[in-house]
Amino acid sequence: MSEPHSESASPEAEPEPQTAEGGETRCGLIAIVGKPNVGKSTLMNALVGQKISITSRKAQTTRHRITGIRTEGDTQFVFVDTPGFQTRHNSALNKSLNKAVTGTIGDVDLILFVVEAGNFTLSDAKVLALFKPGIPALLVANKLDTVHRRSELAPWLKGMQERHDFAEFVPMSAKNPKDVARLLQVCRGYLPQQDWWYAPDELTDRSEKFLASETIREKLFRLTGDELPYSSTVVIDSFKEEKGKTVKRMVRIAATIVVERDGHKAMVIGKSGERLKRIGTEARQELEKLMDAKVFLEIWVKVRSGWADDANRLRSFGYE
Ligand SMILES: Nc1nc2c(ncn2[C@@H]2O[C@H](COP(=O)(O)OP(=O)(O)OP(=O)(O)O)[C@@H](O)[C@H]2O)c(=O)[nH]1
């Protein structure tokens, strides 16, 4: 099994293998997969104990493979949140998102297959069809809090058992801390005994620059809702750390929101620039907490029609 990709790794940052008190350590890679909007990123953030992956009501909010790390007791859990797998749209962007899912599934110790409890659609079945034999998969029946007739869950689970040889069923809500703690314990049992890959206080292998673009994208998606079509993205033009006289860290970020059409640009900017201002304020406040720094954020909006179908543009915008 290969070690996960780390974009910020440097030889000095390489952690010394750690040994938990009393003996062996455990460590392993856990993929979180499922169709769009089932709660994968919400679950990953809850499992890590901090927000690493952005979430919104909009389907396919997650667009990258994102690693979240949790070290607890003798175990280091390395979670990989993946984009929601879907075959409805065939753009270059969607192909890239699906590749992030298929590339992850074959090389992990455990799969968390997230579905909405009591629900199984053709889109779920398409994700399940990607699973390889030999890698244990847990059925995470999420959003249990929205199921009113719990009695209907038993026959549903029985049906799910017939679809795949799941190692275990975990009905839960990603918004319930007790459920999340229980899932963490279940995951532990599937991780091999080996040295940890990251320092115990590391939470992600993604850079602050990456998290900045994701945070702006989350605010963009949340504050425009269904109004703004899915094909918009955020590019960080510059990310500079400056020495502050009064604060310990100061970060200056310039970003561009890329949209497909002039009408979308007007939508993002809003009446008298109000919406763009709100996107900027909410993103800045969240980034200041995340980076423990004073943040200056400048956001522009540009129209680039057809970007989501242009492989070169996708690459230049940071898609794998
Ligand atoms: N009621 C309820 N809502 C949840 C739960 N988990 C997630 N959600 C909501 O479901 C929506 C989608 O959550 P995400 O975590 O963005 O879903 P995702 O599967 O990562 O979505 P994609 O990016 O489309 O792949 C959000 O509005 C969450 O707040 C849960 O346990 N209960």
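Cβ coordinates are placed from backbone N, Cα and C, and glycine is handled just like the others.
These come from TrEMBL:
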- 1-25: region 'Disordered' (REGION)
- 26-193: domain 'Era-type G' (DOMAIN)
- 34-41: region 'G1' (REGION)
- 34-41, 81-85, 142-145: GTP binding site (BINDING)
- 60-64: region 'G2' (REGION)
- 81-84: region 'G3' (REGION)
- 142-145: region 'G4' (REGION)
- 224-305: domain 'KH type-2' (DOMAIN)
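Overlay of TrEMBL annotations on the structure.
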residue : record           : DSSP (3 states)
G34     : GTP binding site : coil
K40     : GTP binding site : helix
T82     : GTP binding site : coil
L144    : GTP binding site : helix
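Note on T82 (GTP binding site): other Cβ atoms within 10 Å of its Cβ, all shown chains, come to 26.
Counting only residues at least six positions away in the same chain, the Cβ atoms of V33, G34, K35, P36, L97, N98, V101, S123, K126, V127, L130 sit under 8 Å from the Cβ of F85 (GTP binding site). Tertiary neighbourhood of the region 'G2' (60-64): same-chain residues 36-37, 40-41, 53-54, 81-84, 86, 93, 97, 100, 210, 214, 217-218, 221, 230, 233, 318-320, selected by CB-CB distance under 8 Å and a gap of 6+ residues from either end. With a cut-off of 6 Å between Cβ and the nearest atom of ligand 1, the binding-site residues N37, K40, T82, F85, L144 reduce to N37, K40. For the domain 'Era-type G' (26-193), the model's pLDDT averages out at 90. G34 (GTP binding site) has a Cβ environment of 25 other Cβ atoms inside 10 Å.
Neighbour density for K40 (GTP binding site): within 10 A of its CB lie 30 other CB atoms from the protein chains shown. For the region 'G2' (60-64), the number of residues in each DSSP class (helix H, G, I; strand E, B; coil) is 0 helix, 0 strand, 5 coil.
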